[in-house]
Amino acid sequence: MADLLLALDVKGKAEAVRVAAACAGELDAIKIGYPLVLSTGLGIVKDLAKSEIPIIADFKVADIPNTNSLICEEVFGAGCAGIITHAFCGSDSLAACVDASHDHGGVCFVVCEMSHPGALDFLSGENAERMARMAKAAGADGIIAPATRPERTATLRGIIGSSMKIYSPGVGAQGAQPEDVKKYVDGIIVGRAIYEAADPKAAAHEFRVRAR
Ligand code: C5P
């Protein structure tokens, strides 16, 4: 049984609020990222807070420790409940993100393997497995692993064990189905297949039921 996270990669406050309101009651969290925040500013977090579900900032943080901490301060100060970071900058950069998240009462998820075909160049295989081990050692709350390669997500689950969460993108527009990964993960992340649907609430409802 997996939660449903909406990847709200729309532009502008009006569209974001429209989709979030339409999906009310069908989502367990909303993931925001650069497309939305660059078009609205971080104030969008307060606008989406009416949904009364956690807002997770997918900024795929990838910088030196001090900069990572500063980014976390802004994200959690704006009202986010969680942040998604990269791990490839190394254990000190990752620790800065995890520690800053926890200092602000938030959670930190670590991208280990991405869902798109190009992930196979760097963000997969042994690199992904090393990053999963690093995420566990850093005390991260969870990892991001691909619904598009469920066997890889199963492998990463084996590395992190059951005490950390896995959120899994790639369901819908990227071709994966909820049934492919729901037994390995704590949440599926769905973007275009919900926010581009003629009836986003109905689409969200269907994904939520299928993820259960
Ligand atoms: O529209 P779609 O369902 O493909 O959106 C997937 C979302 O998950 C996007 O916000 C994308 O940035 C994000 N994501 C991903 N693969 C990762 C990490 C995040 O697709 N490994």
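Along the chain as shown, residues are numbered 1 onward.
Note: Cβ is positioned from N, Cα and C throughout, glycine not excepted.
Those TrEMBL annotations? Automatic predictions, nothing curated.
Given the structure is predicted, the values throughout are model-derived calculations rather than measurements.
Marked as domain 'Orotidine 5'-phosphate decarboxylase' by TrEMBL: 3-207. Residues or ranges marked as substrate binding site in TrEMBL: Asp9, Lys31, Ser115, Gly191, Arg192. If you look up TrEMBL, you'll see Asp58, Lys60, Asp63 marked as active site, for OMPdecase activity.
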Provide the number of Cβ atoms within 10 Å of the Cβ of Asp63 (active site, for OMPdecase activity), excluding the reference atom itself.
16
Just give me the nearest neighbour of Arg192 (substrate binding site) among the active-site residues Asp58, Lys60, Asp63, Cα to Cα.
Asp58
Cβ neighbour count (within 10 Å, all chains shown) around Arg192 (substrate binding site):
14
Of the active-site residues listed as Asp58, Lys60, Asp63, the one whose CA lies nearest the CA of Lys31 (substrate binding site):
Asp58
Number of other Cβ atoms within 10 Å of the Cβ of Asp58 (active site, for OMPdecase activity) across all protein chains:
26
Which recorded positions out of Lys60, Asp63, Arg192 lie by ligand 1, going by a Cβ under 6 Å?
Arg192
8 Å Cβ shell about Asp9, Lys31, Ser115, Gly191, Arg192 centroid, substrate site members excluded:
Ala7, Gly33, Pro169, Gly172, Ala173, Ile189, Val190
Are there any residues in the same chain, six or more apart in sequence, whose C-beta is under 8 angstroms from the C-beta of Gly191 (substrate binding site), and if so which?
Leu6, Ala7, Leu8, Asp9, Pro169, Gly172, Ala173
Integer Å distance between the CA atoms belonging to Asp63 (active site, for OMPdecase activity) and Ser115 (substrate binding site):
22
Sort out for me which one of Lys31, Lys60 has the most neighbouring CB atoms within 10 A, since those are the recorded positions we care about.
Lys31
Over the residue list Asp9, Lys31, Ser115, Gly191, Arg192, recorded for substrate, what is the maximum interresidue Cα distance in Å?
16
Would you mind pulling the DSSP three-state label for Ser115 (substrate binding site)?
coil
